[in-house]
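What TrEMBL says about this protein:
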type	residues	note
ACT_SITE	C442	active site, phosphocysteine intermediate
BINDING	N356, I357, C442, S443, D444, G445, W446, D447, R448	substrate binding site
COILED	668-695	coiled coil
COMPBIAS	514-534	compositional bias 'Low complexity'
DOMAIN	185-650	domain 'Myotubularin phosphatase'
REGION	507-534	region 'Disordered'
Amino acid sequence: MYRSRSARSPNLREPDIRLAESDKIEGAGGWDALEWTKIDPVARPVPIGVKQFLLADEYVVVEGYGVVLVNTDDAGTLFVTNFRLLFLSEGSRDIIALGTVPLATIEKFQKIVMKLPSGQRQPEKTGSQRLLQIIGKDMRIIVFGFRPRTKQRRAVYDALLRCARPTRLWDLYAFAGGHSRFSNTNPKVRLLNEYCRLLGMGFCQASIRAIEDGSFTLSNEYWRISSVNSNYTMSPTYPFALLLPKSISDDKVLQACTFRARCRLPAITWCDRGTGAVLARSSQPLVGLMMNMRSNADENLVAALCTQTAGEKRRKLYIADARPRKNALANGAMGGGSESSANYFQSEIVFFGIDNIHAMRESLGRLRDYLDTHGTTSSDGMSSFLRHGGWSWGGGNLSSMSASVSTLGDTGWLIHVQTVLAGSAWIAARVALESASVLVHCSDGWDRTTQLVSLASLLLDPYYRTIKGFQALVEKDWLAFGHPFSDRLGMPTISGSGNMPFELSRQASTGSLPSSPMRQVSGSSSSQAQNSSHAQNQNSPIFLQWVDCVAQLLRMYPFAFEFSSAFLVDLLDCMLSCRFGNFLCNSEKEREQAGISDACGCLYMYLAELRASEGSSHAHYNLFYDPLKHDGPLLPPAAALAPTVWPQFHLRWACPSEAQGGEVEAECRKLTRKFSELQRAKEAAETRLNEISVTVESLVTELRNEKLVSTSARDAVKRASKETATIKRAVQSLGFNVYFSVDGDCNVCIESNPTEIPQRSVCSVSTTNSNGSVHGSEKSDLSEPVTVMQDDVSDNPLIQVCESLCPMHSRDSGCRWPNPGCAKFRSQFVGLKANFDAFDRLPIYDNYFGT
């Protein structure tokens, strides 16, 4: 099966670990290929390889071997854990995302028994198929097939009855997983920080201590943070801190709250510090059937929302009722209703006509059936047009396309999305263009009201279009102001269990697999039991629909949002799975009583950890985000509010190839990742270049020092050469010849003919006979150098010659040289270590040679 990135569930983002060869189950990748005789109905120990797929504190409750995922005809093993259904493929020995679904994401499940016609299967495989259908809140409908007489379907079904809808809140996996790894700050602190930002006091940082001692009641010129509901005594579904007009005291607030349903009085949710315009929310007023009930305190509080403008002119007030007008009138029979513009000065009442939670639930069910019918992974495995050569999303014959579009329109989902978008855009335009204040409400003020005010705030404030700001928006308007997530998701609350699932009626044996089991029951209302449970069923995809609206805006304004569609999909998956505690319970009060923030992990920290693994190239970041391009309000024209099916979420299970959405974005992300790699390589090269530059500079410094040393040595050699020349001249003046060899040795020779210069470094000593003839050695190579004799120096003829030639020597007084013996054979002079200081100390009347 094609597996796109968007098809991966965030709770499955674990290391890619496959089963060991020993853990392989029998069978090979399809219904017909399974060897049913080898399937053991008795429970077996969980393979060791499966444990490596499990999350922290996740354990297997029951398992089924030889199970077939009918959607894709994959055979494998189905595990029911305390957190999810985990399906491991036999062929790839890896997790199949389509067959792996968190238990909290399962909306319904049912057993189906289908008889196969004879001849369609082999004789030993004929008979009834045991099917288990799973209907998810995330747009998937999947069917698992079990072979008869294995009793595995019964075991899996009973496990789902026990685990899919726990009776107690603390039985959810979010409490078992713990919070140590994904802990975060207290949500109350984050709410106060957002209030301070709205008041223009971003420098103020809230703390737990400020909450405990009540010192968080800050204010500016127009508005203040009130602690009137700090103990949730005024309204248990409102936050502990409220943003209210500064001119209204807490006593007046307490009087006004009784005029609104569930005491959800008008409170400011967003304000414009520049113009003074505000966006406020509340529940319906209790005007009664005749619409004649009034409250002075409520009227004064609403009037205080309209502060004076710069020209001392009172600004206009719009009261936006999210309901259809007829629904508002019908609520009047039960004590509710809508305001009268005559009772609220300079006001205008507008109805947006958004349907209730039951209409949204049924619309999403029809959309899910439509996608399952026309997708590539149909739950019946047969009826998909795409799998059997029919028309596709991108083309086909006109009649088929027209029928498909008509069916999509009949679901009503896109119409509902467009209605919410249009109402939010209208509210944002009134605040941005007219500087008017807008009060939004529906019946209870926690479903349609939350959709409108949060989407309008997203259009007005660029901060909410960042990842950090989007988190603050969700926590303020959805969590703090009491959207009942547990009721809408069918989860248990702190006071008791939620909406328990009901088993759909078993399908009759028709001889062949129906087009889709879900399509036969989801839209029908003939059953009296279904009619009776319709009003009691509080499940509704309100938050999912709002995120769908955000995705539509992201498509219209690709440069305005820091986050991408992948971020929105992962946020929805975390919310639907109940893996973290952020969206548990129905109000801030209930989450505080249950200790959610201390006992459960935070999904925002989990998503932040995912982004940290890849940095700015992560799929959560929008590659086209340009904060300077849309640094003000987004005011889409009416013609642009034409929503389409959100491919990244709606089509990821039915048509995974279409869920990629835009190939341009995928290619751009690939190029961005390549650019990041090149950037890192460039930085590494620059670092290496800097290191080499430092090394070269060090070598240059050493070379410069060596050059200085060489210059000093050269100067020393020159001085030594001059000194040597001086010594040589001095010695030659005494009648000696001095010769230097190549290796630096010096020899002194005494010759009768001073003009002759020997050619060798070793001189020959010549003497003159009485007849005047000169005798030397027989061979020049055997010439004898002058050496120092230790014995009988006085008889040495060389010394006699030296004494006869030295003018400073006298036989009576001895040597007249300053250092006695310097001219002797043993002296420094003859030994070529002349004492130059002796020359300097000679008297000027002394001469070197006598007359």
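Note: Cβ is positioned from N, Cα and C throughout, glycine not excepted.
Small disclaimer: the values here were computed from a predicted structure and weren't measured.
Separating the Cα atoms of R448 (substrate binding site) and the residue listed as 'active site, phosphocysteine intermediate' is a whole-number distance of 6 Å. Cβ atoms within 8 Å of the centroid of the Cβ atoms of N356, I357, C442, S443, D444, G445, W446, D447, R448 (the substrate site) belong to the same-chain residues A322, T449, site residues excluded. The full span of the recorded substrate binding residues, N356, I357, C442, S443, D444, G445, W446, D447, R448, taken as their largest Cα to Cα distance, is 13 Å. Cα-Cα distance from C442 (active site, phosphocysteine intermediate) to N356 (substrate binding site): 10 Å (rounded to the nearest whole number).
When Cβ atoms from all protein chains are considered, those within 10 Å of the residue listed as 'active site, phosphocysteine intermediate' total 28, not counting its own. For D444 (substrate binding site), the same-chain residues lying six or more positions away in sequence with a CB closer than 8 A to its CB are A261, R262, R264, S283, Q284.
Neighbour counts of Cβ atoms within 10 Å were compared for the binding-site residues N356, W446, R448, and the top value is held by R448.
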